[in-house]
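A.B. asks: Could you have a look at this structure, given as structure tokens, before my questions?
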Amino acid sequence: MSSIIRYDWTAEELHALFDLSLPELLYRAASVHRQHFDPAEIQVSTLLSVKTGGCPEDCSYCPQAQRYDTGVTAQKLMDVDAVVAKARQAKLAGASRFCMGAAWRSPKDRDIPKIAAMIREVKALGLETCATLGMLNTCQAQALKDAGLDYYNHNVDTSPDFYDSVIHTRQYQDRLDTLAHVRDVGLKTCCGGIVGMGETRQHRVGLLLTLATLPAHPDSVPVNLLVQVAGTPLHGTQTLDPFEFVRMIAVARITMPRSMVRLSAGRESMSDELQLLCFMAGANSIFYGEKLLTTANPETERDQALFQRLGLRPMHLMENVSNQDQHHGNVHADIACKHVV
């Protein structure tokens, strides 16, 4: 199957891919994957919540929203030294990228210097850096870029026409605007969504269509399977057919051939066999470690054992060529900002 990079995918084309027999879809996705990546290599990231709970948003899936009774206690922003210690542990465990997440609607300018210090110190360990802090303006994005940040994560979560069923405190366009600010300053983007929230296949097509028709495909595409947390509105939602999740991975791989497709939240509930199908469908990145923000993740030892059983190995740092360097028309903006770092 052709792996030409396209930005003009249509909903009809994506529906046709989803409708293929699963063996045929896996074959096509694997063919595209092998044109750009070594199928035996998996990029390994670790995610740390550097500021937990107390978020003012109402995302129906999120245990960190302060309006839901989920048992998550709001905590202050971690000290830089504590974050660096966690990053050292992640590197020793085999991670090549360290992601720092904060439960904010958007960071305040006064928070940026401390986040920037975290980025600089983690970067000095030889790790790639990623942050997910909520909505950013262009000046904040530039400050993070100047500190050495490699990736910024900001998910669109779902399709535009299902979004209002899940979130009311932030508009879909707000998410697209943050992605534009991140691209404008030259940061690599990490952007995906969540499935299993009660959406239909049409909505899953809409999510991938949004990502695959952005001005530049995200460098990383995290595909999250809803982790149902008691106290959140989506607790009790009917679980997604595992084969539908595999189809989601495969269509993401076909439509965004050079992106890292990441198994993210929900992997704790996946069998080894399901994870193998996802790797065969083109997933080539995982979050590694015992916890993703506030929800469980497979233990490091389990992942290491699975890699050994499947003959997989961690991808070395910087083996993935940045999509930002490959995409046409990605012009970095000239920005005049007050000095916040």
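Every residue gets a Cβ built from N, Cα and C, even glycine.
Because the structure is a prediction, the values reported are computed rather than measured.
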A.B. asks: Given that Swiss-Prot assigns CYS99, CYS130, CYS190 to the [2Fe-2S] cluster site, pick the one from ARG6, ARG28, ARG262, ARG267 that the record assigns to that site as well.
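C.D. replies: As annotated by Swiss-Prot, CYS99, CYS130, CYS190 share the [2Fe-2S] cluster site with ARG262, chosen from ARG6, ARG28, ARG262, ARG267.
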A.B. asks: Specify the secondary structure state of CYS59 ([4Fe-4S] cluster binding site) as given by DSSP, simplified to three classes.
C.D. replies: coil
A.B. asks: Which number gives the other C-beta atoms within 10 angstroms of the C-beta of CYS62 ([4Fe-4S] cluster binding site), all protein chains shown included?
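C.D. replies: Around the Cβ of CYS62 ([4Fe-4S] cluster binding site), 24 other Cβ atoms lie within 10 Å.
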A.B. asks: Starting from each candidate's C-beta and looking 10 angstroms out, tell me which of the binding-site residues CYS59, CYS190 has the most other C-beta atoms.
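C.D. replies: Answer returned by the neighbour count: CYS190.
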A.B. asks: Inside 10 Å of the Cβ of CYS130 ([2Fe-2S] cluster binding site), count up the other Cβ atoms and send me the figure.
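C.D. replies: I count 25 other Cβ atoms within 10 Å of it.
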A.B. asks: Want to know which binding-site residues, from CYS55, CYS59, CYS62, are within 10 Å of CYS130 ([2Fe-2S] cluster binding site) at Cα; which are they?
C.D. replies: none
